[in-house]
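Chemist: Structure incoming, see below.
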């Protein structure tokens, strides 16, 4: 249907042999002047068949023109600017204001040697002023992120804006959460509240993870971001429910077993939160089974750890690997299509957020050709030489049939005086001649094909 509509709306400029120039009407397709354009509808749909339109003329040529002329340079510049911004934020966190701890330790396991400075002590030296400049840049960047993201949420809707992987939904959640963590850290710094390391560490992780969003600008890396999103929010989310049940059960068992033991000899299970964390590390085979062979271990520890190793390592981890392998196989079969959809979504996003002076409208105004105020895209089409030759054969055969018909008509005019006697044979002769010539021509055409 889309191809039919495009063929009805196109205008042929000229053709010479296998070459032809066509004007395609892109008034309602281009996203430059539309509140909700055709391109945005295609990339926001959940149906895979609709994304095949992105490979058709003139959508393919329009997206390629926009991406190569403006989209890719702006996107690469935005990626470089964001990386420099994250480096600035990271340096501010590394050199955050700290002072030596003056209080006494309350426990032998207390390992704190530095504490956070108060607001009055944080900006005294020249190095503190340099850090203040970086912190101001970080806060301004967080405010700009919120200002740019919130209008799109209100326009599109939260469900579609955060739920579509093609539109970068999970990355929008990450970047908005990062900006909120930056503002929370600023409030805690201004009020001299201890514990700013919590939102600061979250912001560092989320900010650097958001760098993966810019991989969609490269064909080699773009499909992998789709795979990561589908694995995290599809396979891994379902798997985490099962993992949480297993970890909760075995961590409780390990804590009960070592509850009566001396924590200095085997400190991995000295309290319940540490038991949960240790069991999580055991589940992912990050550490080996903790054991101190200088002391006697409870017998139930060996029994529980044996069951845990069978269920967690051999069964559930291999199940997760199989699920992720199936997701990778499914996404790999449509990676080119997904990358084109990512390019379109990125182009529409940049086109809406950049000033119009930096992104002129693509195409040609129809007033230049006397076609009104509609906008057109000029595309040069080259017909396949074999197909062009077959078309010339067909036209030649049609011309030969017309010549035979004209000869038969002339013969009928010359024999008008004897029309009653020779009308039927002459007519049948011309028809037979035309049919024989046409049949011979089409036989040649069939052999050529």
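Glycine is no exception: its Cβ is also placed from the backbone N, Cα and C atoms.
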Chemist: Which range is it, out of 46-68, 276-298, 299-321, 322-344, that shows up in TrEMBL as transmembrane segment?
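Modeler: It is 299-321 that TrEMBL annotates as transmembrane segment.
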Chemist: Name the residue range among 24-44, 108-128, 171-191 that TrEMBL annotates as transmembrane segment.
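Modeler: The range carrying the transmembrane segment annotation in TrEMBL is 171-191.
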Chemist: Which sequence positions outside the transmembrane segment (197-215), separated from its termini by at least 6 residues, show Cβ-Cβ distances below 8 Å to it?
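Modeler: Contacts of the transmembrane segment (197-215) (Cβ under 8 Å, skipping residues fewer than 6 from its ends): 75, 78-79, 82-83, 86, 89-90, 93, 96, 116, 168, 171, 174-175, 177-178, 181-182, 184-185, 188, 221-222, 224-225, 228.
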Chemist: Report, as numbers and ranges, every residue of the chain located at least six residues beyond the transmembrane segment (132-150) whose Cβ falls under 8 Å of a Cβ in that stretch; write 'none' if there are none.
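Modeler: For the transmembrane segment (132-150), the list is 85, 88-89, 91-92, 123, 172, 175-176, 178-180, 182-183, 186, 189, 353.
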Chemist: Are there residues at least six beyond either end of the transmembrane segment (236-258) with Cβ under 8 Å to its Cβ atoms? List them, or say none.
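Modeler: Answer is 266, 269-272, 275-276, 278-280, 283, 298, 300-301, 304, 307-308, 311-312, 316, 319-320, 323.
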